[in-house]
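Now, the feature entries from TrEMBL:
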type: BINDING; residues: Cys181, Cys192, Cys219, Cys223; note: Zn(2+) 2 binding site
type: BINDING; residues: Cys181, Cys183, Cys186, Cys191; note: Zn(2+) 1 binding site
type: BINDING; residues: Cys186, Cys219, Cys225, Cys229; note: Zn(2+) 3 binding site
type: BINDING; residues: Arg251, Gly252, Trp253, Asn320, His321, Tyr362, Lys390; note: S-adenosyl-L-methionine binding site
type: BINDING; residues: Cys323, Cys389, Cys391, Cys396; note: Zn(2+) 4 binding site
type: DOMAIN; residues: 37-95; note: domain 'Chromo'
type: DOMAIN; residues: 179-237; note: domain 'Pre-SET'
type: DOMAIN; residues: 240-363; note: domain 'SET'
type: DOMAIN; residues: 385-401; note: domain 'Post-SET'
Amino acid sequence: AWYVPCLASLETLQELCRKENLRCKSIGITNRNLKSYEVEYLCDYKVDEGTEYYLVKWKGWPESSNTWEPLKNLKCPVLLQNFLSDQNEYLSRVKEGKALKVKNHVKALKPAVADYIVKKAKQRIALRRWKEELNRKKNHKAMILVENTVDLEGPPLDFYYINEYKPAPGINVINGITTGCECSDCPAEKCCPKEAGFLLAYNKRKKLKIQPGLPIYECNSYCRCGPDCPNRIVQKGTPYSLCIFRTNNGRGWGVKTLQKIKTNSFVMEYVGEVITSEEAERRGQLYDNQGNTYLFDLDYDSDEFTVDAARYGNVSHFVNHSCDPNLQVFNVFIDNLDLRLPRIALFSTRTIKAGEELTFDYQMKGSIDLTSDSADGLSPSRKRIRTVCKCGAVCCRGYLN
């Protein structure tokens with residue numbers, strides 16, 4: 001049998017069911033709730049004969065079913081607060097940042113105000129659903145939050161969350177491991193890093209102790225050691241709750257930590273589609289015309305492969321560039337010893353406070369060509385227009401390429 005994904009949202013399907021008086025248990029429309037009404041958001045406000053009314057959008061019902069309801073009938077304090085907050089936000093922006101409140105004598109909102117309130121309500125719902133989707137798909141325990149207090153931008157339309165590399169046809173990212181260490185208490189003399197000819201990357205507190213440029217060899221699925229092995233860090237995923245947020249200086253989306261991060265700690269892995277450098281060159285030319293690309297050269301041993309996180313990626317997709325970053329790139333080998341295909345891990349270079357934005361230098365080794373709408377680092381091998389850097393660091397180089 002063939003299955004085709006439905007392009008309609010759950011809410012659209014629910015609206016169609018209610019409009020046609022149909023029941024569908026799989027999307028939550030039953031005899032019990034077919035005619036039920038729940039406030040989804042508030043659209044408008046007016047005063048009629050001394051009574052305050054709000055225009056209500058009912059959850060699961062089309063906008064044609066919106067009704068004016070008196071304030072006394074509404075039992076949704078959070079939605080009322082959102083309505084008033086969005087209203088004041090719009091007015092303060094119109095008045096160049098001056099905090100304003102609607103005067104008591106106002107009988108109705110201007111169409112522009114109501115339109116903004118509806119757009120903010122829809123954005124709030126879309127971002128909440130996106131946050132729920134991200135947290136369903138992630139494979140680590142830490143939470144992912146989403147926040148936009150800057151503009152009306154919603155979730156990216158063509159981005160799919162993945163937890164590990166998505167290889168293009170013909171590329172094998174799980175290759176070269178047939179045995180593991182026999183350690184009962186890593187690290188030991190014959191542990192994985194030493195077998196590869198390198199030092200163990202982590203100290204007893206599971207913090208990084210090697211210098212940038214050196215590879216990390218973690219224990220793999222064939223190793224005798226258990227999940228608590230001190231040489232299993234990157235493979236467990238990010239341990240910190242992070243927030244994807246909208247920046248206020250034209251850099252698009254960014255990522256900030258919600259927890260304190262100590263120096264030399266693993267923060268996140270950079271993942272995406274693994275493609276050949278030839279394909280990366282072709283895509284790069286297409287991306288240039290769009291102004292968006294997230295190409296990350298895997299150049300630890302050669303320039304044969306590139307990671308493209310434009311459509312497929314994780315939270316690292318949204319991390320911005322800085323000339324004075326708090327994250328550093330390291331090459332990691334776990335279940336693949338192919339030097340052409342390292343995994344890319346980002347570690348903290350210093351203590352990072354809760355609420356601080358996470359950044360890394362797009363010109364670090366292994367991250368030569370990583371560009372986006374929020375920051376455009378360009379490969380020097382491709383002759384492109386120089387892009388102004390907006391990182392704001394004291395030591396800012398001025399350009400990303």
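Keep in mind that glycine also has a Cβ here, set from the backbone N, Cα and C atoms.
All annotation found in TrEMBL is predicted automatically rather than curated by experts.
Structural mapping of features recorded in TrEMBL.
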residue	record	Cβ within 10 Å
Cys183	Zn(2+) 1 binding site	18
Cys186	Zn(2+) 1 binding site	23
Cys191	Zn(2+) 1 binding site	22
Cys219	Zn(2+) 2 binding site	25
Cys225	Zn(2+) 3 binding site	22
Cys229	Zn(2+) 3 binding site	21
Arg251	S-adenosyl-L-methionine binding site	20
Tyr362	S-adenosyl-L-methionine binding site	28
Lys390	S-adenosyl-L-methionine binding site	17
Cys396	Zn(2+) 4 binding site	15
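The binding-site residues considered are Cys181, Cys323; of these, Cys323 has the fewest other C-beta atoms within 10 angstroms of its C-beta. Around the Cβ of Cys223 (Zn(2+) 2 binding site), 21 further Cβ atoms fall within 10 Å across all displayed protein chains. The residues of the domain 'SET' (240-363), classed with DSSP into helix (H, G, I), strand (E, B) and coil, number 18 helix, 50 strand, 56 coil. Cys181 (Zn(2+) 2 binding site) and His321 (S-adenosyl-L-methionine binding site) have their C-alpha atoms 38 Å apart, to the nearest angstrom.
Neighbours of Cys389 (Zn(2+) 4 binding site) among the binding-site residues Cys183, Cys192, Cys219, Cys223, His321, defined as a Cα within 10 Å of its Cα, are His321. The Cβ of Gly252 (S-adenosyl-L-methionine binding site) has 16 other Cβ atoms within 10 Å, all protein chains considered. Here the domain 'Pre-SET' (179-237) has, by DSSP, the following mix of helix, strand and coil residues: 7 helix, 4 strand, 48 coil.
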